[in-house]
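For reference, the structure discussed in these notes is given below.
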Amino acid sequence: MGVTGTPSYYSDKNCTIENFKRDFYPIIYLIIFVWGALGNGFSIYVFLQTYKKSTSVNVFMLNLAISDFLFISTLPFRADYNFRGSDWIFGDWACRIMSYSLYVNMYTSIYFLTVLSIVRFLATAHPFQMLHITSVRSAWILCGIIWVFIMASSGLLLKHGQEKKNNTTLCFELNLQKFKNLVILNYIALGVGFLLPFFILTICYLLIIRVLLKVEIPESGPRDAQRKALTTIVIAMIIFLLCFLPYHALRTIHLVTWDADSCMDELHKATVITLTLAAANSCFNPFLYYFAGENFKARLRAIFSKDHL
């Protein structure tokens, strides 16, 4: 669903989008790569250090970090493609995998964040009734279901690879021959991949606020659990609003208002910017681990203390 690409005939028109992509994408992708690789790579290391003491929350966070790290590893290839002026040199299957990885990461991230918020809320509002749902074993099963569902539903992207034009090889570009199918896929992804999880996340936010206002709990343990639940949902909401909402909104507008005879440079540039915001979700998730992870700060202190000995 590479809706941020440009049709191959754009280079024959007086459009500025290609120059914008060449100047904008490489530097932003490389910044996201460095920041995201360090943050998620170190987070994975921290989660694995005390895996035997893991909780369901950390299982979801570990899978989220793995998804981000796998996607981050593809960004240098995207940066190279745009730096060369939209010329792909890494082969057809690599092109397919690059497009596929973007959407697998985006929607696994959305679902992991949503499930994290649900688990945090249930553990706070119904701690004893929901023990079987919030167990580590249940968390791994649910993570497996999410991975299989997202990877299978994104499988159509593996059908579309590189395209030869003159002396260049295009990748990530709109396929006008299958434009109607692309619009349909966008609406499905918008509904199932974004609006439904966002609705669930909003409900969790309202319910946890209700729980916090309903009764004052003096004990430090329950209070800490409620604080972490609220922190998880608030950070997830910020990531949704900052990274995923602009991209899904602009992607839909871009497809609905598509005009083959117009450059639509301003709209296209805005869509390009929102794609990098969506990719940047991988940089923000480590903040979630630090502020809302189970014993994440304590593990960090233990690791650094061990290094100084």
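Just so you know, the numbers here start at 1 and follow the chain as drawn.
Note: Cβ is positioned from N, Cα and C throughout, glycine not excepted.
The topological domain 'Extracellular' annotation in Swiss-Prot covers 1-26 (among others), and the record cites sequence analysis as its basis.
Annotation source Swiss-Prot lists N-linked glycosylation site at N14 (among others), citing sequence analysis.
Annotation source Swiss-Prot lists transmembrane segment at 27-47 (among others).
Per Swiss-Prot, topological domain 'Cytoplasmic' is recorded for 48-56 (among others). For the topological domain 'Cytoplasmic' (48-56), the model gives a mean pLDDT of 78.
The transmembrane segment annotation in Swiss-Prot covers 57-77 (among others), and the record cites sequence analysis as its basis. Residues of the same chain lying 6 or more positions beyond the ends of the transmembrane segment (57-77) and with a Cβ under 8 Å from any Cβ of it are 29-30, 32-33, 36-37, 40-41, 43-44, 47-48, 90, 94, 97-98, 101-102, 104-105, 108-109, 112-113, 115-116, 119-120, 136, 139-140, 142-143, 146-147, 232, 279, 281-282, 285-286, 288-289, 292-294, 296.
Here Swiss-Prot flags 78-98 (among others) as topological domain 'Extracellular', drawing on sequence analysis. When DSSP labels each residue, the topological domain 'Extracellular' (78-98) comes out as 13 helix, 0 strand, 8 coil, counted as helix, strand and coil in that order.
Per Swiss-Prot, disulfide bond is recorded for C95-C171, and the stated evidence type is sequence analysis. For the recorded site, C171 (disulfide bond), the DSSP three-state label reads coil.
The transmembrane segment annotation in Swiss-Prot covers 99-119 (among others) and is backed by sequence analysis. Packing against the transmembrane segment (99-119) from elsewhere in the chain are residues 1-2, 56-57, 60-61, 63-64, 67-68, 70-71, 74, 133-134, 139, 142-143, 146-147, 149-151, 153-155, 157-158, 160, 171-172, 189, 193-194, 197, 200-201, 204-205, 232-233, 236, 239-240, 244, 278-279, 281-282, 285, 288: each is 6 or more residues past its ends and has a CB under 8 Å from a CB in it.
Among the features that Swiss-Prot reports, topological domain 'Cytoplasmic' is placed at 120-137 (among others).
The transmembrane segment feature in Swiss-Prot is assigned to 138-158 (among others).
According to Swiss-Prot, the feature topological domain 'Extracellular' maps to 159-187 (among others), an assignment based on sequence analysis.
DSSP assigns N166 (N-linked glycosylation site) to coil, not to a helix or a strand. The annotation N-linked glycosylation site is assigned in Swiss-Prot to N166 (among others) on the grounds of sequence analysis.
Residues annotated as N-linked glycosylation site in Swiss-Prot: N167 (among others). The number of other CB atoms found within 10 A of the CB of N167 (N-linked glycosylation site), across every protein chain shown, is 6.
Residues 1, 103, 106-107, 110-111, 113-114, 117-118, 120-121, 124-125, 226, 229-230, 233-234, 236-237, 240, 244-245, 248, 251-252 of the same chain lie 6 or more positions beyond the ends of the transmembrane segment (188-208) yet place their CB under 8 Å from a CB of it. Sequence annotations record features per position, and here Swiss-Prot assigns transmembrane segment to 188-208 (among others) based on sequence analysis.
Summarising the annotation, Swiss-Prot assigns topological domain 'Cytoplasmic' to 209-229 (among others).
Residues of the same chain lying 6 or more positions beyond the ends of the transmembrane segment (230-250) and with a Cβ under 8 Å from any Cβ of it are 57, 106, 109-110, 113-114, 116-117, 120-121, 189-190, 194, 197-198, 201-202, 204-205, 208-209, 212, 267, 270-271, 274-275, 277-278, 280-281, 284-285, 287-288, 291-292. Annotation comment: Swiss-Prot describes 230-250 (among others) as transmembrane segment.
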Fewest Cβ neighbours within 10 Å, where candidates are the disulfide-bonded residues C95, C171: C95
Length of the line joining the Cα atoms of N166 (N-linked glycosylation site) and C95 (disulfide bond), in Å: 18
Rounded Cα-Cα span from C95 (disulfide bond) to N167 (N-linked glycosylation site), Å: 17
N166 (N-linked glycosylation site) CB neighbourhood, other CB atoms within 10 A: 9
Contact set, same chain, for the topological domain 'Extracellular' (78-98): CB under 8 Å, 6 or more residues outside the stretch: 6, 18, 21-22, 24-27, 29-30, 33, 157-162, 168-173
